[in-house]
């Protein structure tokens, strides 16, 4: 079969150009399909943009559900005797605090030992056991030692290996002492402070080692035995608004509730002059410190601002996707129209979201966004009234919580989060359903394009055959005509 470029060579007719025009006309059958593909792909992109904006609002709504974590408190300035912090249970208030005593961990010291590797137990005993008992521990520490494990080093390592409530260390008194000689001492220190960590030590199965380590506590901060108490166990003592408080540790977690006090030092005293029997006398008085706990509205305010910003971004996305640009009568639709103009899914999401946001909540004083301090502008976006919002956060935090989270019985406006979650569900959500339908339509269009191309190719092949035969026929007629003309001359 002749190529397109050679068509008409025999007849002198411009059949190649005619065939090109026929092919261009056939290709126009693809244009409606291509336009539909472009439109549906734009819709997919539009739904992707919409999903991104909805995800941001969903994330911001999820943060508002964590009201208790956001509804925080803060404390005033620096304090000499304690470092304060608060959790979600703290309530605003003023507290007068005096630190009377810091909690301390007990520390015991052995008698002098010559050399840290010298075996201190009776040989031939096989195994002996060091038992350390503390009132606050469920089980006593039991350290078993063999005959060759009774040096200070071995005892220290064996105790520390147990990882109980006791630390063991060695103090070398002689600067030039060796491991075999030189004054050394074993130090046992409770890891925890307070009187419930007072140690009682007993060595079973080795009287010689017992002469070095045995210690019996009297339960009152003292004791007797081979070891000497260098630091007595003590509980933390303080007063809060004049109420005496005693704890095992310097971290006071429940007085007042929701406030953590890390005690640093005992309160200083000052001399004040008072009248006693008509005479001025100087008496010592502790310098108390005032802890002021106030509500910290900034985290919640920031979360609300992020939520409003996310909503406004979504509103901008809605406007962009549904944009309509008028055209003259008979003109084609503008290319500037939104990708989801007239789309029912977009309208449905926008309508449901608006209903959720602006429906009145069952909260006495703060039933609407406007009463909360968030108003809707003419363009549909939201605007925060800082003064009104801050006043509500400071004075009506429970109502703000009920507005966003509900009161435990009735839902708050974070039901918007549930709507967004359903909308964005990857399997059955509104957007997933819409995009699934678009993808199915695109696959159908792809098959239609392939079939149309096959039909066009078949049609063009038929035209080529017909044009080739026509070229041959005209060429033959031309040759016959030329021969007859020569005969008739």
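The backbone N, Cα and C atoms fix where each Cβ goes, glycine too.
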Swiss-Prot record, region 'Disordered', of the ranges 70-92, 93-115, 116-138, 139-161 the matching one is 70-92
Candidate ranges 379-429, 430-480; Swiss-Prot annotation coiled coil resolves to 430-480
DSSP puts the residues of the compositional bias 'Polar residues' (82-91) at 0 helix, 5 strand, 5 coil
